[in-house]
Amino acid sequence: MQGLLILSVLLGAALGKEDFVGHQVLRITAADEAEVQTVKELEDLEHLQLDFWRGPGQPGSPIDVRVPFPSLQAVKVFLEAHGIRYRIMIEDVQSLLDEEQEQMFASQSRARSTNTFNYATYHTLDEIYDFMDLLVAEHPQLVSKLQIGRSYEGRPIYVLKFSTGGSNRPAIWIDLGIHSREWITQATGVWFAKKFTEDYGQDPSFTAILDSMDIFLEIVTNPDGFAFTHSQNRLWRKTRSVTSSSLCVGVDANRNWDAGFGKAGASSSPCSETYHGKYANSEVEVKSIVDFVKDHGNFKAFLSIHSYSQLLLYPYGYTTQSIPDKTELNQVAKSAVEALKSLYGTSYKYGSIITTIYQASGGSIDWSYNQGIKYSFTFELRDTGRYGFLLPASQIIPTAQETWLGVLTIMEHTLNNLY
């Protein structure tokens, strides 16, 4: 096994992958609003090249930041000088990446069917796209593959449609991996796709849903970014579009929707991880979904699955104004997190985006809700920060299983409350 690790490290170096040796993830606890604002000042210091995994929000809420080795001393001195508490969550980011690569290397095999596909390891874009083709070939009466667009770099953007027939039926949308480094989401999407085919005709609740509604599943919403996380930079978040006025690449695709676009909760700096882009829907990965959802016209639920933090969120993120359906969505969220917790005891918080975490503008579920899709929710999957975006592959199946119970709860409510 040690030999595999050495091989994977050497391979990464040979391929020119970005190195994170000595980088640490710090958990900062801002006790009051003044300390939150002080941390935001730190966030604005671009020369430190900080990567906020969980940004500043409510006082007392965890703030997780990856600090490059050359910036560690400066950041720690800054925090200590302001009396702001912090602790080290990840001692060395590269060591986790090496373990992840070793596990993937050891698990490599070409699946000949979806039954032999390894759901307990992370997969590349090509492997996931091959899986889609296998699934469609095995279940042609239930599953079809739609191409809804092409990414900035020209990759096909695929959606799996699960349907038992009929035209323009009420539908449920699920997307995963809009932030490319959140690998647990794409892996969960693959598991979901297989689960749909297994449970139809076997599980009465899911069968009732698919007998009346269609489900559209976008497993890799940001294919360029996802491919880049495998080839160059495991922690890449954004799209890969080029902004003519900047050397920095990419847009935060979950700040690019036409819902409070450009307001507080996104950045106008192309070098920021939360850069909103030049205009709403500038990213083809976003525009493809917008056009598809609008053209369809009969979506009743819109679920966007992210990681991490163990949260179930509903609109709004860009304004403190409560949505008209707050009472109902809050109850649905409560029921969903209770169902999710019932399997492994994983606890989720729930509420509106802006009151539960922080202000975020230009988000997908704010847009979908404003389009009249009442049941709009965002999941933030495991964990709460021990591994962050580098969740071990051993947690893929448990995460997918428990998340499925929450998703199924929302689907059932949608079916029973069609509007």
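Here the Cβ of each residue, glycine as well, is placed from N, Cα and C on the backbone.
Taken from Swiss-Prot, the feature signal peptide applies to 1-16, supported by experimental evidence.
Swiss-Prot lists 121-414 with the feature domain 'Peptidase M14', giving sequence analysis as the kind of evidence.
DSSP classifies His179 (Zn(2+) binding site) as coil under the three-state reduction. For His179, Glu182, His306, the entry in Swiss-Prot reads Zn(2+) binding site.
Look at Swiss-Prot and you will find His179, Ser180, Arg181, Glu182, Arg237, Asn254, Arg255, Ser307, Tyr308, Tyr358 tagged as substrate binding site. Contacts of Glu182 (Zn(2+) binding site) defined by a Cβ separation under 8 A and a same-chain sequence distance of 6+ are given as His306, Ser307, Tyr308, Leu381, Phe389, in order along the sequence.
Positions annotated as disulfide bond by Swiss-Prot: Cys248-Cys271. Long-range Cβ contacts of Cys271 (disulfide bond) within its own chain (separation 6+, distance under 8 Å): Glu46, Ser246, Cys248. Cys271 (disulfide bond) carries neither a helix nor a strand DSSP state and counts as coil.
Sequence-distant neighbours of Glu380 (active site, proton donor/acceptor) (same chain, 6+ residues apart, CB-CB distance under 8 A): His306, Ser307, Tyr308, Ser309, Gln310, Leu311, Leu312, Leu313. Residues or ranges marked as active site, proton donor/acceptor by Swiss-Prot: Glu380.
Cβ atoms within 8 Å of the centroid of the Cβ atoms of His179, Glu182, His306 (the Zn(2+) site) belong to the same-chain residues Gly177, Ile178, Ser180, Arg181, Thr185, Arg237, Asn254, Ile305, Ser307, Glu380, Phe389, site residues excluded.
Taking the Cβ of Arg255 (substrate binding site) as centre and 10 Å as the limit, one finds 31 other Cβ atoms among all the protein chains shown.
For the pair formed by His179 (Zn(2+) binding site) and Arg237 (substrate binding site), distance between Cα atoms is given as 5 Å, rounded to the nearest Å. Counting every protein chain shown, the Cβ of Arg237 (substrate binding site) has 22 other Cβ atoms within 10 Å. Counting Cβ atoms from all protein chains shown, Arg181 (substrate binding site) has 23 others lying within 10 Å of its own Cβ.
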